[in-house]
């Protein structure tokens, strides 16, 4: 007990020296949090020190591994499984772009396990908007898993799948600032997708998150941050990418002006309240909505389609995503998910 009690101040001291924790140390720390072994005052100091130093890939990977193991899920026996969950928190108030992308990718015949939550920032989260459109967030875990085979997509409402994380809620509420927990959500999908597209709220997180995905054993992934400040690829400025493929991470820049896309500022992508965001999502998935709304979904879907191996390049992905949106197939997927989880 004394040895464990001594560990937490040691980790704090290491972080205050601006030295990152190893994966093993990060695992120890997360286990300590989940089992209420770390004193509150030390926990707050550790979270602040992590944030001030800048979270590392080893810290993210170690913590995520523990949280994923502690979830109620287990790997699905599928060779290809995609998630499009981002960090959120960019403050831009866009409509639910990555949620729309999930249904486009599913309509392309790729199994999708969308992991998400309600918004923590007063905006509209993926869970909020899908619930407004009829998705049952309280479906039994077995039914949520079965939807992947039956519908081609499912939605995992994070709080139902991560009961162990209740232990850290008090720290997050008390601090009221960003912490490492804002980054862990996309890394801990309980159904273990092997391919991911993750938007992050700050450019410096792109290589860090991509390396964390490599350490966690993902096959292919793209981490992105638009220079407009979005955790999505935007239509006005280039987007910085961290691409994981073949066990290596490389950086690349995606310029929307290289493609036949509607140039549009962030303001053209903004949502509103819950009803407004639900209406935009429904319109876009049915092939209507504003051109900029459709194009930003097509662009981001292209990244996911390429990660999934469904298209050879982003241009082909944009074209396929546009066809899917125009056909209403993505809306059909949503309706099938609503009906399946309601039964």
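Note that Cβ sites are derived from N, Cα and C of the backbone, with glycine treated the same way.
Here is what Swiss-Prot says about this protein:
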BINDING   86, 117  anthranilate 1 binding site
BINDING   86, 89-90, 94, 96-99, 114-122, 126  5-phospho-alpha-D-ribose 1-diphosphate binding site
BINDING   98, 232  Mg(2+) 1 binding site
BINDING   172  anthranilate 2 binding site
BINDING   231, 232  Mg(2+) 2 binding site
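Sequence features annotated in Swiss-Prot and their locations in the structure.
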residue: 86; record: anthranilate 1 binding site; DSSP (3 states): coil
residue: 94; record: 5-phospho-alpha-D-ribose 1-diphosphate binding site; DSSP (3 states): strand
residue: 115; record: 5-phospho-alpha-D-ribose 1-diphosphate binding site; DSSP (3 states): strand
residue: 172; record: anthranilate 2 binding site; DSSP (3 states): helix
residue: 231; record: Mg(2+) 2 binding site; DSSP (3 states): coil
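Using CA atoms as reference points, the binding-site residues 98, 117, 118 were checked against residue 231 (Mg(2+) 2 binding site), and the closest is 98. Counting neighbouring Cβ atoms within 10 Å of each of the binding-site residues (94, 98, 117), the lowest count belongs to 117. Listed in sequence order, the binding-site residues near residue 98 (5-phospho-alpha-D-ribose 1-diphosphate binding site) (C-alpha within 10 Å of its C-alpha) are 86, 232, out of 86, 117, 172, 232. In the shown protein chains, 16 other C-beta atoms lie within 10 A of the C-beta of the residue listed as 'anthranilate 2 binding site'. Residue pair residue 94 (5-phospho-alpha-D-ribose 1-diphosphate binding site) / residue 86 (anthranilate 1 binding site) shows a Cα separation of 13 Å. All protein chains shown were included, and the count of other CB atoms within 10 Å of the CB of residue 118 (5-phospho-alpha-D-ribose 1-diphosphate binding site) stands at 16. Among the binding-site residues 86, 172, 232, the ones whose Cα is located within 10 Å of the Cα of residue 115 (5-phospho-alpha-D-ribose 1-diphosphate binding site) are 86.
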